């Protein structure tokens, strides 16, 4: 990486400070990051000064609606910003720029957060930097783990993509043809009325650990892509048959062929994870083979799932010099610091957004962003 | 790490000499000099054969793994047999062991000057990266090869067959004659949507792997694809082409329009 | 000097711009139109995202007044959207009974 990242440095200042705001789904995050002058490297790491987050959680059986999520973000954002400044021991006027998630995501929540960003920008007279949410995950993942050029598996409530860097773009090699994996897991959690606290996916993971019987589900990899809505429909139906309250349905009991034991909801969670994660690992492996790479980085909320990490590790170990990288829940799950980091990289290459150009967009493909800070 | 996989397959193929040709995501491809049951088979190569092996995947649950191995092997063999019957160039099958994921087949393809097997990907990379010669990459040889690939895929689709994993690694070239390989994800469908997705996967793969000149390659591929649809050999080829191309536009847009939240 | 927040709405089919002001009522930050959805309350959820009460300062009063203005704007816009929807679904009747030309843009 030999791009000059200090062309826009302020004279006399040996570092940059950026504040990042994230609110594309139900997590509201504010983070403050510090970059020292010069290339980022193992001896010159980005410093996380603060990383504060609050999550909007709904009761079991309910998903989060855009309108309530936006309300949560609106009414929490000032508190969270103040907390981030105090924890980072930074004043607003010390900052170099205000970074915010421009997309992709849910319209109303994104809008709530960008208004806060625009306000801060005018209050402290700072430039604004719009950031693509996926790029935030990728760049933070690379920085935290030190993985220079891995194939990235980005898995969250709203995204499921396999990405590889090439020619100043993060190109999408494989993705979901319908729903995202986090969305699939969250919806099944609703079917089973599993609590959403701390996160539905986390609770499914804990239940899956107690499951052992594999229920047969469709396996729907399509080339480099995958489809999940069929599997969800299938398992929703099984769950309704087993646990449904509809009067017409006589609660069937599903018996495991080998052991004769009845299938439990833990078994369903286990089966769903096994098939979904197998498919993810398969399309990741395909991308690795196709670009001749042996490094995988997992980012996004679903990346914190231990079974997924375990399966990916088993796959990568079979490859020469195979290496897996993953971040912990501070960075895996949506957060403000990743926006600050990716935004600061943009800022350092001279890319900022004028006020009129800070409109958010629900659809924002990862490969639309020009990665000016890399030239490899 | 390849060694323990070789050990796995040797258990099922004792005393058969195996030389690794390639290691893909899903399977290992070996070359062997031995035919399972003939000393003089009716094939162009009598001393070179390919063995494709799907190894266990330790990350998958054993039940899922066993089912995938067996089903994909069966599916692939049936598909290849039908292709051969239809005169669509693909390796002919000699022997198969379904539960163990083994397919013994005809040897096709040549070695490129740099030692790699003549897949479309390796051949284009040879011109793009080893020789780094733009006039070759955009020359008539590559153009004709791409057109021929388009013709072949068109013929496949006109027979309502879907490859399912079209990438430049899965197309071999024997003297500019393309051959399709790797039918682990193949299926049968007459739906324009499925054919469009097949083409879209190839388009995306070309863009990702050969980003510099991919729009030329894809243009020529589609040229060949369109050409065969006009052939008298196939009824209503023109109508099918229009539908498929329309669906292709939709799929391309859908790729861009898919809403991504969080 | 106190500042009163106002909002002004204009549109091609509105002859005079409409101005929304807080007015003389009691203002709080607990807006009518900015409550949490019923669905969440019915499912047993709590509302932990309520805005804090307005402090008795100039800025606090401004917050409360803004909440009232926001309520008025929201109610106005919702009414407008409903009417527009009714007009659109009424298209068939309007074309057949009122003789409206179906090529007229709405």
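The backbone N, Cα and C atoms fix where each Cβ goes, glycine too.
Caution: TrEMBL annotation is automatic and unverified by curators.
Sequence annotations record features per position, and here TrEMBL assigns domain 'Gcp-like' to A:48-340.
The annotation divalent metal cation binding site is assigned in TrEMBL to A:133, A:137, A:154, A:334. Other C-beta atoms found within 10 angstroms of the C-beta of residue A:137 (divalent metal cation binding site) number 33, with every protein chain shown included.
In the shown protein chains, 27 other C-beta atoms lie within 10 A of the C-beta of residue A:154 (divalent metal cation binding site). What TrEMBL lists as substrate binding site is A:154, A:155, A:156, A:157, A:158, A:186, A:201, A:205, A:305.
Listed in sequence order, the residues of the same chain lying 6 or more apart from residue A:158 (substrate binding site) and placing their CB within less than 8 Å of its CB are A:24, A:25, A:104, A:105, A:180, A:182, A:183. Mean model confidence for the domain 'Gcp-like' (A:48-340) is a pLDDT of 93. Of all the binding-site residues given, namely A:156, A:305, the one with the smallest number of surrounding CB atoms inside 10 A is A:305. Contact with chain B, taken as any Cβ pair under 8 Å, is found for the binding-site residues A:156, A:158, A:334 out of A:156, A:158, A:201, A:334. Counting only the Cα atoms, the space from residue A:133 (divalent metal cation binding site) to residue A:201 (substrate binding site) is about 20 angstrom. Residue annotation for substrate gives A:154, A:155, A:156, A:157, A:158, A:186, A:201, A:205, A:305. The furthest Cα pair among them is separated by 18 Å. Taking each of the binding-site residues A:133, A:201, A:334 in turn and counting other Cβ atoms within 10 Å of its Cβ gives the largest count for A:133. Following the DSSP three-state reduction, the secondary structure of residue A:154 (divalent metal cation binding site) is strand. A separation of roughly 13 Å, to the nearest angstrom, links the Cα atoms of residue A:305 (substrate binding site) and residue A:154 (divalent metal cation binding site).
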